Amino acid sequence: MRKTKIVCTIGPASESPELLEQLIEAGMNVARLNFSHGNHAEHKARIDSIRKVAREKGKVVGILLDTKGPEIRTHSMMNGKLELVTGQKIDISMTQVEGNNDVFSVSYDKLIEDVNEGSVILLDDGLIQLEVTGKDVARGLIHTLIINSGSLSNNKGVNIPGVSVQLPGMTEKDAEDILFGIREGVDFIAASFVRRASDVMEIRALLENNNGSNLQIIPKIENQEGVDNIDEILNVSDGLMVARGDLGVEIPPEEVPLVQKNLIEKCNQAGKPVITATQMLDSMQRNPRPTRAEASDVANAIFDGTDAIMLSGETAAGIYPVESVQTMDRIALTTEAAIDYRSVVSTRRREKHGNMTEAIGQAAAYTAINLKVKAVLAPTESGHTAKMIAKYRPGCPVIAVTSSEMCSRKLSLIWGVYPIVGKKASSIDEILQESVEESVKHQYVGHGDVVIITAGVPVGEAGTTNLMKIHVIGDLLARGQGIGKDVAYGRTVVAKNAAEALAYDTEGAILVTNASDRDMMPAIEKCAGLITEEGGLTSHGAIVGLSLGIPIIVGVENATELIQHGKEITMDAESGVIYNGHASVL
């Protein structure tokens, strides 16, 4: 099972119910809605479709609202665009004007206060570079020199690398969009152009004052100021997005890979999800196959430790949206198979942990790797336990069983976590039973698999995880008194007396009988294990089994009736348990 999550941007190329169904089947975990485009009616229709299709498919899909953010853009140009020529001069006006060969204006009227002579201004994703040569504050004009030629059209992005601007953390449009998201029940807010912790707190205050405190805030790090303030930003956030598009314009491109690794590592240490985004499979907007560099980019983000990888134009507007998700899924699966999870968990074990839940998470991950378990089952009310286990990268899926749909969608972004919505349990026994039954029902685990189950007392209270159990998921057939510590697996021979036992080939079989005796010895000597209805450590079966060194289970009531002849079973002498089929027993 793939552990790295896939975030898909939903747009005209993917908004139909048919395409959404295909994206979910291909592996989409979180649907991103880009509020830089479209109106509330369009986004509501998309949200409704995503929820409906996910419900019909029985899948958990989170919804991420990506704000437009406090960006700077150019205003309109005469005839739609200007031709800027290297070496010529052009002014930037703080008052809105129609752009011409002498002057154009931008949407941020305090730009003149933020730049100085020598400052660099980048236009249209950095394709055009201007250098500030002077300012006329009285007239509200910035004088610039055109460093490289290009066509400048309407509403193009403006970046000022290395300059701290006075833009607000949240615009009026952002606030309206976030309130819309609260009403529609989205799960995550991706906050664009976050520069400092106060930007995040401004959004959090809006959420808390409007019954939206359950929404998680994922700041997008897109400028040098955000990079410089990353620790304070992460402290007040629920995760991060490495938004490499604007980031690669705001800082030198050669620094982007280093910043990416640094941000991912900080999120890993904090146990918070991180999304790596922008141009991951960009060529698949037009082509059915990615470039080799793109495949390596996705793989390296996974090696870095990212929780999620994101598709933007590939799924929103591209020709091959489903193929893009399928490709990303294959790259992720192949990459994850090459990761040394023992090394990862050993490195993270050296970090300090300050609470019981995290200690259990660390222990569960380490034990999962040592025992090569099929999954870790983590019943949870808040999702915190599942996050803490995933933080230590157990190398197997973390199945988070919760009674809250909201909690399940929050976990859709967490590495390795597969949420299931189940019934609310009121006791430890119910928790264990519910988590196993739901995991089997969803086919994440099967009979015979070894799993780890975490739980907490008192039941139902967040942050009380204090129990870890190693459990064999088995189709339990019968139970008795085991003698010895061995396990036997094989075909059964059911015989009620010596004559029946000797009539069958017992070589390597498990002999099931009422009670053994001296006449049955030739059959017993060839068998792999012995099960008797007769109980007691002094019974013939117990004594003979010990002398032969084979696993024995005695005192199994109605064994010759319960256990069918010729069936494959597993007997665990240490626990005295008999399972149908081939069960993994520790």
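Yeah, the Cβs are placed from backbone N, Cα and C, and that goes for glycine too.
Owing to the predicted nature of the structure, the values given are computational and were not obtained by experimental measurement.
The ATP site recorded in Swiss-Prot includes N34, F35, S36, H37, R73, and the single candidate from K3, K110, K135, K156 that the record places there is K156. Record check, Swiss-Prot: substrate site residues include R32, G245, D246, and the candidate from T4, T276, T278 also listed there is T278. Using Cα positions, the member of the binding-site residues T67, D246, T278 nearest to F35 (ATP binding site) is identified as T67. In terms of Cα distance, the binding-site residues that sit within 10 Å of E222 (Mg(2+) binding site) are D246, chosen from S36, R73, D246.
Each of the binding-site residues R32, H37 was scored by other CB atoms within 10 A of its CB, and the lowest score goes to H37. Taking the Cβ of S36 (K(+) binding site) as centre and 10 Å as the limit, one finds 12 other Cβ atoms among all the protein chains shown. A separation of roughly 13 Å, to the nearest angstrom, links the Cα atoms of R32 (substrate binding site) and K220 (site 'Transition state stabilizer'). Least crowded of the recorded positions (R73, K156, K220), judged by neighbouring Cβ atoms within 10 Å of its own Cβ: R73. Least crowded of the binding-site residues (D66, E222, D246), judged by neighbouring Cβ atoms within 10 Å of its own Cβ: D246. Listed in chain order, the extra residues whose Cβ falls within 8 Å of the Cβ center of the K(+) site residues N34, S36, D66, T67 are L33, F35, H37, L65, K68, G69, A190, S192.
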